[in-house]
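Have a look at the structure below, then the notes.
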Amino acid sequence: MTRFVFITGGVVSSLGKGIASAALAALLQARGYKVRMRKLDPYLNVDPGTMSPYQHGEVFITDDGAETDLDLGHYERFTGVHASRADNTTTGRIYSDVIARERRGDYLGGTVQVIPHITDAIKDVVVTGTDDYDFVLVEIGGTVGDIESLPFLEAIRQLRNDLGHAQTMCVHLTLLPYIPAAGELKTKPTQHSVKELQNVGIQPQMLLCRSDRPIPDNERRKIANFCNVRPEAVIAALDVDTIYACPISYHNEGMDQEVLRYFDLPYDSKPDLSRWEKIVHAIREPEGEVRVAIVGKYTALLDSYKSLAEALLHGGIANHVKVKLDWIESEEFEKNGNIAERLKDADAILVPGGFGERGAEGKIQAVRYAREHNIPFLGICFGMQMAVIECARSLAGLPKASSTEFGPTDEPLVGLMTEWARGSEMLRRREGGDLGGTMRLGAYPAKLVPGSRVAEIYGRTEIRERHRHRWEVNAHYKDRLEKTGLRFSGLSPDGVLPEVVEYPDHAWFVAVQYHPELLSKPFDPHPLFAGFIAAAVKEAHRK
C-alpha cells in the first residue's frame with residue numbers, strides 16, 4: 001500500500017518546505033522504505049522554463065527533459081532518486097490539459113469547472129505512477145491562504161477521503177518567531193495558519209515549526225492544544241549550519257518516528273544515518289579551504305545557481321576542504337575593467353550557464369584570465385560557448401568570432417540549434433515559434449576521447465548528462481580551433497555536436513555543453529566537480 005504525505009506551508013514563504021520534504025524522504029529511505037517525491041506549483045506558467053531566473057531561481061532539468069522547480073534538485077540530492085516530468089505540475093499545466101480535453105469533447109458537452117474537473121486532474125497527477133512506492137511525499141508550493149493554492153488544497157482534502165485517512169497524512173510547516181523584547185517564541189502565527197488550513201477542510205497531523213531555538217515543552221503543549229495535534233507531533237525545525245544536517249536534526253526531534261506511528265508502522269528501530277553523519281562531519285571539519293570565483297549573469301539571486309553551489313560543496317566534501325564562493329556579476333568586468341583585482345585571489349574560476357548577450361564579454365574576459373594565468377577553469381553550457389569564442393578570438397585569428405544568439409556575425413562560432421535527435425526521433429524548432437520546451441532538454445549520451453583529461457576524470461569514455469540549451473558550438477570550426485591547442489574531447493555519439501573542450505597543456509581547463517551540477521549528490525559528488533576542486537586545492541598550495 002502506498003502512503004501519501006502532503007506537505008504545506010504557512011505564515012510566510014521561503015521557510016524550506018522543499019528541504020523539509022527531502023529530509024523526511026531521506027529519513028524514510030534510511031529505514032528501508034521506497035520513496036517518491038512530487039511538487040505541485042500553484043502558478044499559471046505551464047512550467048518555469050520561460051521564467052526569469054530573478055523571478056523563479058534555477059530551472060532544474062530532469063532526465064526526460066522536464067523544466068522543473070529547483071526543489072526537485074533538493075529531492076534528487078537528498079534521496080538519489082531521479083525525478084521525472086510527472087513529479088512537477090503547475091496550475092498552468094493542469095488548466096492547459098483540462099482545456100485541451102474540453103476542446104476534444106472529452107467532457108461530452110458538460111460544463112467544465114474547477115470542481116470537479118480541475119481537482120480531479122490534480123488528483124490524477126498525484127496518484128498516477130505511484131503503485132511501486134511505500135511513500136509518496138507531495139509538496140504544495142506557496143503559502144496556505146493564497147488564492148492560487150485553493151484548487152490544490154481542495155484536491156488534497158478530497159484525496160484524504162478517497163484514499164482514507166490511514167493512507168494519507170498532512171504535515172504543515174509554519175514559523176515560530178522569537179520576539180527578543182518579550183523573550184519568548186510566539187505561537188499565534190502558527191495557530192492562525194493552521195486555522196486557515198482547517199477552514200478549507202484539512203486538519204494537519206503534524207506541525208513542523210521553523211525556529212532558531214528549541215521549543216519549550218509548555219509552548220509545544222500550547223501549540224498542540226490549539227492546533228488539535230499530539231504534542232509529539234509538534235516538531236522543531238531548527239536552524240542548522242548546513243541543509244545536510246536536517247535529516248539528523250529532524251530525527252532527533254522524532255519526526256520520522258511520528259510519521260511511522262501515524263501510519264501504524266514499526267518505529268522503534270533506529271534509521272541508518274551514517275552517511276549523513278559523514279557528510280555533516282566533512283562540511284563542519286574541513287582540512288583546508290579554497291576560493292572559487294563564479295562569474296555569472298544572475299548573481300543578484302543566488303537561487304539561480306542553486307545546484308551549482310551545491311555541486312561545488314560536494315566537490316569540497318570529496319576533497320575534505322571548505323569551498324568559499326565569490327559571486328561576481330560578469331558585467332562588472334565590462335564596466336570597471338577590474339578583472340585582475342577581482343580574480344587575483346581565486347584558486348579556480350567557473351563560468352556557468354545563461355542566456356543572452358548581457359554580460360557575455362565579461363565572461364569571455366574571465367575565460368581569458370583563467371587561460372593566460374593557468375588557473376583551474378570550468379565552463380558550463382554558455383560558459384563552454386564563451387570559452388570557444390575566446391579561443392577563436394585570441395588564438396585562432398578570428399577577432400569577429402561570436403554567437404548568433406547576440407546577432408548576425410561573420411564568424412558564427414556558436415549557432416542556433418534547429419534540429420537534434422532524441423532516440424530515433426528528429427526534433428525540430430521553428431524560427432518564431434514558442435520558446436517553452438524548445439531547447440535541447442534532458443539527458444543525452446556523449447563519447448569522450450580516450451586519453452583525454454575529461455575521460456580520465458570520468459574514468460570512462462561514454463557518459464550521459466543533462467542538457468538545457470538552444471545554441472550549440474559550431475563543429476565546422478573544430479579543426480581550426482584544435483590547431484591552437486584547444487581539444488574537442490567530447491562529442492555526441494554521431495560526432496556532430498561538441499560536448500566537451502579542454503586545453504591539455506593547461507593546469508586544469510575543461511568546458512562542457514551540459515549541466516553536470518544537476519547530477520551531483522553529497523554522497524556521490526560529480527567527478528567534474530571533484531576534479532575541479534582537487535585542481536583548486538593544488539592551485540591554493542602553489543600560491
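Using the three backbone atoms N, Cα and C, a Cβ is placed for every residue, glycine included.
The model shown is predicted, which means the values in this text are computed figures rather than measured ones.
In Swiss-Prot, the ATP site is described by SER14, LEU15, GLY16, LYS17, GLY18, ILE19, and among ASP64, ASP69, ASP71 the residue recorded at this site is ASP71. In the three-state DSSP assignment, the secondary structure recorded for GLU139 (Mg(2+) binding site) is strand. A coil conformation is recorded for LYS186 (UTP binding site) in the three-state DSSP classification, outside any helix or strand. A separation of roughly 21 Å, to the nearest angstrom, links the Cα atoms of GLN191 (UTP binding site) and GLU139 (Mg(2+) binding site). Distances between the Cα of LEU15 (ATP binding site) and those of the recorded positions LYS186, GLY354, GLN385, GLU405, HIS515 are shortest for LYS186. Within the set of binding-site residues LYS222, GLY354, PHE382, the entry lying nearest in space to LYS17 (ATP binding site) is LYS222 (CA atoms).
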